[in-house]
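Trainee: Got a structure for you, questions after.
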Amino acid sequence: MMSQILAQVKQVVKVGQGVVGFGRNVSGLFKHAITVGKRVRTETNIAVGAVFVSSAAVELALMKLPESSHAVARMLVIGAGKMGKLVIKHLVAKGCTKMVVVNRSEEKLAAIREEMKGIEIIYRPLTDMLACSAEADVIFTSIASETPLFLKEHVKDLPTVSSEVSGSRLFVDISVPRNVGSCVSDVEGTRLYNVDDLKEVVAANKEDRLRKAMEAQAIIAKESKQFDAWRDSLETVPTIKKMRPHEKRIRATELEKCLSKMGEDIPKKSRKVVDDHSRGIVNKLLHGPMQHLRCDGSDSRTLSETLENMHALNRMFGLETDISLLEQKIRAKVEQRQNCRFEVLVGYISIH
């Protein structure tokens with residue numbers, strides 16, 4: 001689920017590049033949110049641990065199997081309704097590429113197969129349930145039934161599973177009412193887990209996730225300030241843009257004066273040398289002022305220093321940028337801390 005959400009957000013950014021309104025601010029918001037989301041998941045492991053019954057069922061089953069058997073364990077899902085479909089999705093997310101699904105009809109499987117191309121999903125009717133169970137190592141049950149599908153007498157004669165998968169057949173019952181009678185756990189070589197067991201796993205994972213969410217909030221708060229600094233720094237762009245034409249006009253005027261004094265017969269190569277040299281001098285002179293107008297949050301310069309630099313440059317170069325308006329906009333943004341969209345987006349990417 002987590003990787004799917006991230007892929008969807010990345011696709012939004014890709015599509016949005018060519019859409020009017022998806023400018024530098026919005027694009028920067030999404031890109032920074034994706035980066036911070038990755039950082040949160042890496043540093044806090046907030047996405048680890050199932051917090052839904054269906055995902056907890058798959059997580060618990062794999063936890064009970066030897067890790068070396070995950071790729072070869074035979075999976076059986078009984079029921080292709082909402083919960084059954086979620087179990088199938090979580091199995092696929094964990095790397096399962098083949099499973100048998102028992103259901104009353106094959107109709108629902110058509111949509112599931114279409115959604116999960118490349119996964120071998122074998123359909124069997126409900127009448128084949130016991131025969132399929134005999135060939136399965138792990139059995140997930142999630143089908144509506146007033147009476148249990150499995151009782152002790154149904155399970156005791158099933159063949160023993162391979163020692164490669166711990167030698168015990170796992171029943172993971174996520175149905176209410178239960179599909180598997182509690183008496184099944186008395187059968188040798190059988191282990192049964194039901195919704196109550198899964199709720200304990202989910203509750204523990206939710207508690208752990210809440211603790212990690214507090215760690216994530218601290219990271220997001222810090223990164224929000226970084227994003228604010230980057231966004232506010234864009235307000236200096238008009239000044240930067242006005243400086244370049246200003247220096248070009250001065251350089252062109254002075255260059256023309258210099259060349260005219262050197263005479264009309266000056267070689268083209270010499271003209272180019274003078275031109276390149278004048279450009280290099282101007283670029284080096286402007287490098288310092290330009291750097292002091294750029295503040296992406298990676299250094300210690302404060303907002304007031306940046307504003308002072310803007311005022312100074314406009315006075316020195318006689319630029320016409322409306323500094324008072326820029327200052328008002330920057331200060332308003334900093335005071336209001338309009339970060340809610342950024343924090344929601346990062347949180348969504350991080351947790352899902």
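Glycine is treated like the rest: Cβ placed from N, Cα and C.
So TrEMBL says this about it:
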DOMAIN    4-44  domain 'Glutamyl-tRNA reductase N-terminal'
DOMAIN    60-201  domain 'Quinate/shikimate 5-dehydrogenase/glutamyl-tRNA reductase'
BINDING   Gly79, Ala80, Gly81, Lys82, Met83, Gly84  NADP(+) binding site
DOMAIN    215-319  domain 'Tetrapyrrole biosynthesis glutamyl-tRNA reductase dimerisation'
Trainee: Name the residue among the binding-site residues Ala80, Met83 whose Cβ has the smallest number of other Cβ atoms within 10 Å.
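Mentor: So among Ala80, Met83, the binding-site residues given, the one with the fewest Cβ atoms within 10 Å is Met83.
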Trainee: If you run through the domain 'Tetrapyrrole biosynthesis glutamyl-tRNA reductase dimerisation' (215-319) with DSSP, how many residues end up as helix, strand and coil?
Mentor: 87 helix, 0 strand, 18 coil
Trainee: Which are the residues of the chain, Gly79, Ala80, Gly81, Lys82, Met83, Gly84 excluded, whose CB is within 8 A of where the CB atoms of the NADP(+) site average out, their centroid?
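Mentor: What remains near the Cβ centre is Lys85, Leu86, Val87, Asn103, Lys108, Ser142, Ile143.
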Trainee: On the DSSP side of things, how many residues of the domain 'Quinate/shikimate 5-dehydrogenase/glutamyl-tRNA reductase' (60-201) fall into helix, strand and coil, could you say?
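Mentor: Taking the domain 'Quinate/shikimate 5-dehydrogenase/glutamyl-tRNA reductase' (60-201) as a whole: 57 helix, 31 strand, 54 coil.
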Trainee: Please work out the number of neighbouring Cβ atoms within 10 Å of the Cβ of Gly79 (NADP(+) binding site), leaving out its own Cβ.
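Mentor: 25, counting other Cβ atoms within 10 Å of Gly79 (NADP(+) binding site).
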Trainee: Among the binding-site residues Gly81, Gly84, which residue has the fewest other Cβ atoms within 10 Å of its own Cβ?
Mentor: Gly81
Trainee: Could you please provide the mean pLDDT value for the domain 'Glutamyl-tRNA reductase N-terminal' (4-44)?
Mentor: 81
Trainee: Would you mind listing, in sequence order, the residues at least six apart from Lys82 (NADP(+) binding site) in the same chain with a Cβ closer than 8 Å to its Cβ?
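Mentor: Lys82 (NADP(+) binding site) has no long-range Cβ partners.
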